[in-house]
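> So TrEMBL lists the following for this protein:
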BINDING   B:Arg75  pyridoxal 5'-phosphate binding site
BINDING   B:Arg97, B:Ser98, B:Gln105, B:Arg313  substrate binding site
BINDING   B:Arg271, B:Arg398, B:Lys463  tRNA binding site
MOD_RES   B:Lys284  N6-(pyridoxal phosphate)lysine
Protein chains: 4
Amino acid sequence: MNSENFTLSEKIVLPSYIRQGSQARRSHEQLIRLLLEQGKCPEEGWSESTIELFLNELAVMDSNNFLGNCGVGEREGRVASSLVARRHYRLIHGIGRSGDIAAIQPKAAGSSLLNKLTNSVVLDILKIAGVRSVASCFVVPMATGMSLTLCFLTLRHRRPKARYIIWPRIDQKSCFKSMITAGFEPVVVENALEGDELRTDLEAVERKIEELGAENILCVHSTTSCFAPRVPDRIEELAAMCAKYNIPHIVNNAYGVQSSKCMHLIQQGARVGRIDAFVQSLDKNFMVPVGGAIIAGFDEPFVQEISKMYPGRASASPSLDVLITLLTLGAKGYKKLLSERKELYSFLAQELKSLASAHKERLLHTPHNPISLAMSLDCLQAESDKAVTQLGSMLFTRQVSGARVVPLGNEQTISGHTFRGFMSHSESYPWPYLNAASAVGITREDVALCIKRLDRCLKTLKKEQNGAESITRELIFNPAPCLCMSDVCLSLFTLSPLLSRLSH
Amino acid sequence: MNSENFTLSEKIVLPSYIRQGSQARRSHEQLIRLLLEQGKCPEEGWSESTIELFLNELAVMDSNNFLGNCGVGEREGRVASSLVARRHYRLIHGIGRSGDIAAIQPKAAGSSLLNKLTNSVVLDILKIAGVRSVASCFVVPMATGMSLTLCFLTLRHRRPKARYIIWPRIDQKSCFKSMITAGFEPVVVENALEGDELRTDLEAVERKIEELGAENILCVHSTTSCFAPRVPDRIEELAAMCAKYNIPHIVNNAYGVQSSKCMHLIQQGARVGRIDAFVQSLDKNFMVPVGGAIIAGFDEPFVQEISKMYPGRASASPSLDVLITLLTLGAKGYKKLLSERKELYSFLAQELKSLASAHKERLLHTPHNPISLAMSLDCLQAESDKAVTQLGSMLFTRQVSGARVVPLGNEQTISGHTFRGFMSHSESYPWPYLNAASAVGITREDVALCIKRLDRCLKTLKKEQNGAESITRELIFNPAPCLCMSDVCLSLFTLSPLLSRLSH
Amino acid sequence: MNSENFTLSEKIVLPSYIRQGSQARRSHEQLIRLLLEQGKCPEEGWSESTIELFLNELAVMDSNNFLGNCGVGEREGRVASSLVARRHYRLIHGIGRSGDIAAIQPKAAGSSLLNKLTNSVVLDILKIAGVRSVASCFVVPMATGMSLTLCFLTLRHRRPKARYIIWPRIDQKSCFKSMITAGFEPVVVENALEGDELRTDLEAVERKIEELGAENILCVHSTTSCFAPRVPDRIEELAAMCAKYNIPHIVNNAYGVQSSKCMHLIQQGARVGRIDAFVQSLDKNFMVPVGGAIIAGFDEPFVQEISKMYPGRASASPSLDVLITLLTLGAKGYKKLLSERKELYSFLAQELKSLASAHKERLLHTPHNPISLAMSLDCLQAESDKAVTQLGSMLFTRQVSGARVVPLGNEQTISGHTFRGFMSHSESYPWPYLNAASAVGITREDVALCIKRLDRCLKTLKKEQNGAESITRELIFNPAPCLCMSDVCLSLFTLSPLLSRLSH
Amino acid sequence: MNSENFTLSEKIVLPSYIRQGSQARRSHEQLIRLLLEQGKCPEEGWSESTIELFLNELAVMDSNNFLGNCGVGEREGRVASSLVARRHYRLIHGIGRSGDIAAIQPKAAGSSLLNKLTNSVVLDILKIAGVRSVASCFVVPMATGMSLTLCFLTLRHRRPKARYIIWPRIDQKSCFKSMITAGFEPVVVENALEGDELRTDLEAVERKIEELGAENILCVHSTTSCFAPRVPDRIEELAAMCAKYNIPHIVNNAYGVQSSKCMHLIQQGARVGRIDAFVQSLDKNFMVPVGGAIIAGFDEPFVQEISKMYPGRASASPSLDVLITLLTLGAKGYKKLLSERKELYSFLAQELKSLASAHKERLLHTPHNPISLAMSLDCLQAESDKAVTQLGSMLFTRQVSGARVVPLGNEQTISGHTFRGFMSHSESYPWPYLNAASAVGITREDVALCIKRLDRCLKTLKKEQNGAESITRELIFNPAPCLCMSDVCLSLFTLSPLLSRLSH
């Protein structure tokens, strides 16, 4: 309420009480002031009431909520369902204009503020998370893959002749498709096996550059966060190489914001070499619903160029989600989540190690991967060639999600390119294994339950090797087509061999 | 509750009452059954309670809501803010998988159902709205422009040699950019002036095809819904031409679902010729927040190809919005909205006509445009060359949104292409004019208020021609950079000439 | 946001857009200003966004929402569940203080404002609805019965010697109990049969007064709204009588606010005689959840005395509901509801009349009852003595709610007092009948459906008279214990006679 | 969804995924089953999604949500505002029937279940909290005071001759008024000073009983939870005395559920003597909004008699709040809250003790009071006779709520009875003091902040004794009428003496 209304209220309720109420209101306003002034994520999280007050304030600034508005355009922010209006806090106009997803909208001052502030708060968080020299970023309502596509499409205008993208192999389908969709030819560079780890083969990358000619290469497309035993690419060296050959460099930092190591790689890469843009998922890093990404870079004009490449306006929903989330957590809360994640990574590693040794397997040694771990399934495989895939299915039906088994010898063809050893980031990784990750928001209970159930599954599988009926029965009853519930899984598991064996 | 729980309830509350309650539950279940069985928009709209019951049911089927789930993956649908969880009905996993935006997710049976049902219900509505032979469609969480880009990117794989897109001019920036972003060269075909209308110059299109060679042309990119005095493209003839030359045909049907005429054009085009896909905005046709589109076509495999081109999963938010909205309205409610829109189009036309004649202007004769109308601003222009832009600014400050003024002589360069007469879809439209549209959800009050305020503005402007101070003062106080609040406006209105005049 | 924050926003988003947003905010503030200034129900209803903005503003003024508050008291408005906090808009402190339910709370300026404004808005609505000279009122979170009790308890302190309450009979259990609970002895005055109507027997009332002695009578407790064929008491004459004998007069106006006739009776009664307080239900008059009432009167000190009689603070929930509702509807919306109700009363009467004549029954002639109607069930009764109760049960299972059947010969003992002919307000009403009412919020569809289903039930019952099995079977399957679903029904319908007959 | 709908879903989404979803649903159903079966507070709290699922299930069982219902009664659960409907989860019919607040409603099976389950869960919690032999209880939508009144009104019917209520003094206005409102004469028994504590003067109570005659006494009305230095009444001895003299005994256990000591007193009282009913606040014990209470007892028929005394139905809002809260917390969560409260009581005591000694005051020795503490303000008083009240005002403006100062010599007349030394529970308590309490939900931060601010206030006050201007100025600017923000405060603090002194 404005001061006039507070004064009127003093005639109804005792002035001293109203005055205290109005002071209380000022403390909310003060938080909003700091946000507007500094454009940073507040150190302390806001209460739900401050957040909702703020969102309501933004909403009343949009023309669809003007009490006296009359609309005769083709897009007036009208909403047919009040359920829908409410869930969007009546912010209906989305973000951006036809020219630019970061542009402000005349009809929607509130949504425009939301958009600007979100980008600004997110930029602050990227700095806090470790990329201190990031210059600009924006939230885009598309997941990581499509956001990478947008980066590639933008680069096309700078490098009209280029046809190839150099890509150190990572077996994640949408990464590969992001290049195909943009119309480029991915040049897959196999990883080098170093101990248990799969790492960037820098020499192979350089060979490819020289072979194809720098001017024919749109960019190098590297990756930080990934499933063990692959580890983050050698971003520093790649960035230096890109600088040397004058080739753009796009980093897929999908869920790397949550890891100080991944962020450090990017920071260092930009310092010593060239990184044009790095892309990260909103949902994987900030615990919001799927569907948004952050495109960030060290050169503001290039980031703007990307934002201007998005034709038309876009959903404000991912921006709203991440803004609410970061205001709720505060910088402090987000940092706390990150440090908890780190601790639970150690806990998970330790628990997996114990479990592995109990089952005569081992935790693969992948010290460069700060998020994902892998435990060999060598013995399991030795007992039966189906046991590895059975394990995946069993975990699925036991509500262990995200624990992905990687058997040997998968083969997968995507858009004409055949990947041997698919899912393992390598044509011939020596062991089958199981992945588990410590991602932001994981709890100690998640780890404990997972280890417990995994243990039981492994025991059951061993017992069953003589008489496989009961597992088979489970598979028949639950013909889980997907063994891993992970993004990278493409193969539908068919039961037919098992079934036919059973019928004999 | 399941039958066991109903039975237990009978021990607490009288059995006959509980039985009636359980029967009442069945009537909700029955509605859900019909939806699942038929995949169609229900004829009668659902109550909010049925909708929320249904969404809650979907949510409990997603793994992030499993009571016993433990997650050790990199993406587990965790949500940090309960405000965010609630506004998404706890449906966090988005839609699609890395391979395909239409794919089902093992971790999210509920979200997958939501996605499938939404696409199915939307398909039904497209049929009801007039494109009876549409074969397949899907909702994509991107606005129209980016969705068109996705179509073009898909076609690239079918026509790797093609570089050009034939495009009958429409001055809407994101349409043009959708082609640029996809990496193609738009071939702008100027419209032909027929009476007051601007229509497709079919001969010019055919000339271009022959000039460039069909194999070098990615597609024809035509438009239905547009601002008067431009009218929908001659879709039938274009479709026939595309069939003849074996060129794909993508139709931008941005807000055309709301018009039976636009839908009829598409239906006929597909019947007599070739339409590969047609794209429509969710927000403009279904009164939901900005950020979603429907990509539809007559050949299911091609539509699937587009959906597979989207790399990675995507936000479920637009799908959720349109599903809630259509279940709320029912087919009946949506048809009612469409018929009201049609009636109000006539009302608006009539009111504008009266107003025009009162101010010695005229309503342009654009019978082929079923949504947008234009009133000449000839006399206004005659009085002062600034008056037209002033009118735009005045309407903005008076909360008339969507009424867009189009002065003569605008020039705009987008991505290297210069459009003379920008905003008017023509290099030399003879008159300045003002647009108003009757779009879905418009009310009689919108029209009445708009006419009243427009009348006052026009009167004020005439009075002020001798001493322009007061308007200028308004402009200084409200230096509205955008005169039209419309997507097509690109030019920032600068006050400098006015200000400098004022200082003399 | 305050002006400082708007100024800061102008650095982020174009000043002219922000200014328009801030003006839009002022239009909400303006509505709030009018409410605070005048304390009246706004003529036009508010939008949901204005209402929620206002409630949020109130909430931030309560100490439980102070950002820097520390609480070391025994009641600090803490909330354990965020679901609970949200559904109360974080207004947790309730209303009133230990001294007075209308008192303001130091800890809760916002809740105090809410309370004062609600009472003020409700007072305005009572005037609009017809009691123009009402002086004061307050909302109390108790239903009508307990609110009447509170009035009686207050009167006790004024008339310590009085033991009796004179009460023209109305067969509504909570009315009777309200007197018992307060510790008084109800003196039941039977109604006089005039035509079909049951009306106040004024002579009998006066006889009782003289017989018992005015000083021994706490008050006369009269009733307006009631089920036909009883009609509202002769309030004017009773009020005059109370004035003459100097006896307080409390009017039970349970659902009378919705009827201009009932309100007129009270207005007239107060003008010509004595009415100390009149009590009305919130839910029955204002379409809010059950649980609140308005206690109103013509003498402000007496109304305050009642409010001070309520020991301790109380739930704000009913106040919040009615305030939200009246702000949503506006005076205009509420008046519209009332006039629709009136129209549908005529429609219901006409439909019932046709139906009655089709079944050889008749619509009882009760012109003084403006809400409830009664249709005789004479012929039905003639066919079988169980048919009348069977009809009630059938309507229940067919989801016709509120249509209450009144058989002859019910007898009911409440707190030691035996009512012969219970439910019919008379010891010997000549006919069994069925009630239907046109209450606020009723729709044309309600009436149509009710008539249709009633018609079918009556037809079925007639057919079944020869072989009663099928109905009996229904009763066995649905042993609805209550035939009427109405407050007045006390008797549990037992199936045993029917069942035993069936087994023969 | 029912099994039919799950089967249909399997045609849309892979059967194994749907099956897992349907199993997930069953785990929610299972929780609901346990609740229905056992009627106990679940050990582990439920997730919000289970709670909302359950409430939605209840709502669909109420007739106002029947899809095919037609209503022609006077109360059909219609809701005008969707904001209101939503905040009540569409449970509109309230609880109880005209006959009995605990009765089930034919029109509202869901609301009836809600009511029954709430009472059952609350009973379980009372047992867990220490009154193991409690037989029955019900939630009533009235605060403690009015609930006590209802108990007294019920007793009246059992003891028609009784006029007096014996009441060991506690200076809480609504306690006193609860007896006045019920129409009885409170017989105030002064407390005995034992050390610093004020305790029940058992001899004085017995003297009064004999003086007035047991048959003339309605009941003894004792109190557990109270502000130090008063301590809980000697419930055991009073209960024994009541048994001996055959006098009913009603215990005001306002915020005693949170203290195992208070609950133990009641349990013991009932074991060795007579307790007819004990009444507790919902908001003070369960962190829900103000406005509900629990009436409980050891004799089921008597508790039912009270519930039948409530005339008419009532708001379900407090029941809904407490049910949501207890399901959210689970028994485990509630017990955790209680043990935290206990710990923080010790922390508060220790901090207050240190603070007191720093300011030459002392923490009063009140070991029998498990919730409230008192610190002497002797020195402060010595410095200036206004300092004590000034301290109260200063704390108010510094957002320390609930810290109540008690000066000497207050006098207050309530309903004709004059209390000397009001607020201190004694006619002549020797010292002024300040109260602070450790109530359920208090945090360590509350305590720390309170101590810090209190320390500053005390320092400021001492400094200011020479030149009192600045404080006076504060008081003028903030003429806080209430020094304590507590229920017991009745006196309006007038500034006039200070002001007049200032003007000299």
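Placement of Cβ uses the backbone N, Cα and C atoms for every residue, glycine included.
Just tell me what is around each of these and how deep it sits.
In the three-state DSSP scheme, B:Arg75 (pyridoxal 5'-phosphate binding site) is classed as coil.
Around the Cβ of B:Arg97 (substrate binding site), the number of neighbouring Cβ atoms within 10 Å comes to 26.
Long-range Cβ contacts of B:Lys463 (tRNA binding site) within its own chain (separation 6+, distance under 8 Å) are none.
DSSP assigns B:Lys284 (N6-(pyridoxal phosphate)lysine) to a helix. Within 10 Å of the C-beta atom of B:Lys284 (N6-(pyridoxal phosphate)lysine) sit 27 other C-beta atoms, taking all shown protein chains into account.
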> Can you tell me whether DSSP puts B:Lys463 (tRNA binding site) in helix, strand or coil?
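Looking at the DSSP assignment, B:Lys463 (tRNA binding site) belongs to a helix.
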> In whole Å, note down how far the CA of B:Arg313 (substrate binding site) lies from the CA of B:Arg75 (pyridoxal 5'-phosphate binding site).
12
> Are there any residues at least 6 positions away along the chain from B:Ser98 (substrate binding site) with a Cβ closer than 8 Å to its Cβ? List them or say none.
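Same-chain residues close to B:Ser98 (substrate binding site) (Cβ under 8 Å, separated by 6 or more) are B:Pro311, B:Gly312, B:Arg313.
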> Compile a sequence-ordered list of residues in the same chain as B:Arg398 (tRNA binding site), six or more apart from it, whose Cβ lies below 8 A from its Cβ; state 'none' when nothing qualifies.
B:Arg453, B:Arg456, B:Cys457
> What whole-number value in Å do you get for the largest C-alpha pair distance within B:Arg271, B:Arg398, B:Lys463, the residues recorded as binding tRNA?
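That value is 55 Å for the farthest Cα pair.
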> Fewest neighbouring Cβ atoms within 10 Å: which of the binding-site residues B:Arg75, B:Arg271, B:Arg313?
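Across B:Arg75, B:Arg271, B:Arg313, these binding-site residues, the one with fewest Cβ atoms within 10 Å is B:Arg271.
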> Rounding to the nearest whole angstrom, report the longest C-alpha distance spanning B:Arg97, B:Ser98, B:Gln105, B:Arg313, listed for substrate.
10
> Around B:Gln105 (substrate binding site), how many other C-beta atoms are within 10 angstroms of its C-beta?
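For B:Gln105 (substrate binding site), the count of other Cβ atoms within 10 Å is 26.
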> Do you know offhand how many angstrom separate B:Gln105 (substrate binding site) and B:Lys284 (N6-(pyridoxal phosphate)lysine) by C-alpha?
29
> Roughly how many angstrom lie between the C-alpha atoms of B:Lys284 (N6-(pyridoxal phosphate)lysine) and B:Arg97 (substrate binding site)?
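With the alpha carbons as reference points, the distance is 27 Å.
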> B:Arg97 (substrate binding site) to B:Arg271 (tRNA binding site): how many Å between their Cα atoms?
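Each residue's Cα considered, B:Arg97 (substrate binding site) and B:Arg271 (tRNA binding site) end up 34 Å apart.
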